[in-house]
Amino acid sequence: MGAKDVKFGNEARIKMLRGVNVLADAVKVTLGPKGRNVVLDKSFGAPSITKDGVSVAREIELEDKFENMGAQMVKEVASKANDAAGDGTTTATLLAQSIVNEGLKAVAAGMNPMDLKRGIDKAVISAVEELKNLSVPCSDSKAITQVGTISANADEKVGALIAEAMEKVGNDGVITVEEGTGLQNELEVVKGMQFDRGYLSPYFINKPETGIVELENPYILMADKKISNVREMLPILESVAKSGKPLLIISEDLEGEALATLVVNSMRGIVKVAAVKAPGFGDRRKAMLQDISILTGGSVISEELAMDLEKSTLEDLGQAKRVVINKDTTTIIGGSGEKQAIQSRIGQIRQEIQEATSDYDKEKLNERLAKLSGGVAVLKVGAATEVEMKEKKARVEDALHATRAAVEEGVVAGGGVALVRVAGKISNLRGHNEDQNVGIRVALRAMEAPLRQIVSNSGEEPSVVTNNVKDGKGNYGYNAATDEYGDMIDFGILDPTKVTRSALQYAASVAGLMITTECMVTDLPREDKSSDVASSPAGGMGGMGGMM
């Protein structure tokens, strides 16, 4: 283990503070409707331009290791806020910077850091309660549009598109963001359950003009096994042929004699049939087959459950109003499953999402949830250049997260007004001693920082505007986009309560740890000895001279 560089007390805190300020100053210029752009250099390709706080924070690494520790701790605030609510990263960074700066001034003046932290925590707990009281539900399309517009940096088209997507697939539906091919943003909605497996043979196609397979009111056979022997399938094929309905087979694989027999039967018109592979792999495939069986009201034929395909009957098959299959996807529309069973399955998947630890697992579970809930919406972002496309896509994703947060916990007045009102309501809060009172005042002062920065970025005087907003009541605030005062809700400037709450809680948590830091330890930079060896005349072969 190499030698360490250790710094104590004020010396350590000053270094850490310098790192905090470098990162926060780079991030906070993006805040508000008149926030500025930040250009990020990339090791290859064109530089990217962004107004997204967390994108800026992720790029920053400082040369001085002590300063870098400060910067990384604030980066953690931005990441945590982003993970919790999907937005509010710039606000969280700004709140953390303000608490750390004011808090360290108090520590330098001789205050007890632990009491300062207790005061800050007390103020934040009270502020969160007040935020909940100020919050109003966000359920109608107009409010969702407004939240989306604000979070997409005043892009009304994006706000309207997100509201339309939520209306079509529901608040729980999956909405994904993809890069489009044109200049305009587009919304594509897939109703029913769709999975990425196409037909196993083009001979199943019954709509040659569009190249798809379309089955009306089909039976659906689900098998968690490979099917290669046609004898296993004969009893069920005969039963389906008598019923006069088409059949969709979803199995791990279908090959050889079994596939050939199905193709021949389909082409001769004996049984209208199509076959696709089951989606996913391993345990995920088993779970998705189970989802399809619940959605269609059938059973999965599984050898693990001692079920035999040869003995299966029409009772084991699922049903749907319509199935559409192309070369890449299968869509099941109007499954005949019981609503209660589907709701129970949805509840089970929600529970799994809460317990999942990896982002990948959560994403896959959310996809399954949406497919059972009734649809997937795809927002296709259009732009003229690749640089603009990346910037726009990041903004649309932010706006989508913000609207979801708004639906979950409601909305408060935006533009930094909610935190100013909260600070006013808890201004009489007191701690157990004077040091805790100073901690409370540090937190209250920090709650004004977002409004001050929004005003500063728009080119006005922060103190004048902040005092005017403080003199007002309720939702009265400053609209930086139009440079006028009024009701923020009427202006359509809303913030999701969850975003504001998460930003405040995470900022106070990390800032409190930084204020109570007394020692910092990092590796000493190593001297590069390889250059000394390379410059020696023997080129690293010294010591061999005596062998002559």
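Cβ coordinates are placed from backbone N, Cα and C, and glycine is handled just like the others.
Record features, source Swiss-Prot:
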type: BINDING; residues: 30-33, Lys51, 87-91, Gly415, 479-481, Asp495; note: ATP binding site
type: REGION; residues: 526-548; note: region 'Disordered'
type: COMPBIAS; residues: 539-548; note: compositional bias 'Gly residues'
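Structural mapping of features recorded in Swiss-Prot.
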| residue | record | Cβ contacts under 8 Å, 6 or more apart |
| --- | --- | --- |
| Thr30 | ATP binding site | Arg36, Asn37, Val38, Thr50, Lys51, Asp52, Gly53, Val56, Thr90 |
| Gly32 | ATP binding site | Gly415, Gln453, Ile454, Asn457, Ser458, Ala480 |
| Gly88 | ATP binding site | Ala81, Asn82, Asp495, Val499, Thr500, Ser502, Ala503 |
Surrounding CB atoms that lie within 10 Å of the CB of Asp495 (ATP binding site), all protein chains: 29
Assigned element (helix, strand, coil) containing Lys51 (ATP binding site), judged by DSSP: coil
Which of Lys51, Thr90, Gly415, Ala480, all binding-site residues, has a Cβ with the fewest other Cβ atoms inside 10 Å: Lys51
Secondary structure at Asp495 (ATP binding site), reduced by DSSP to three states: strand
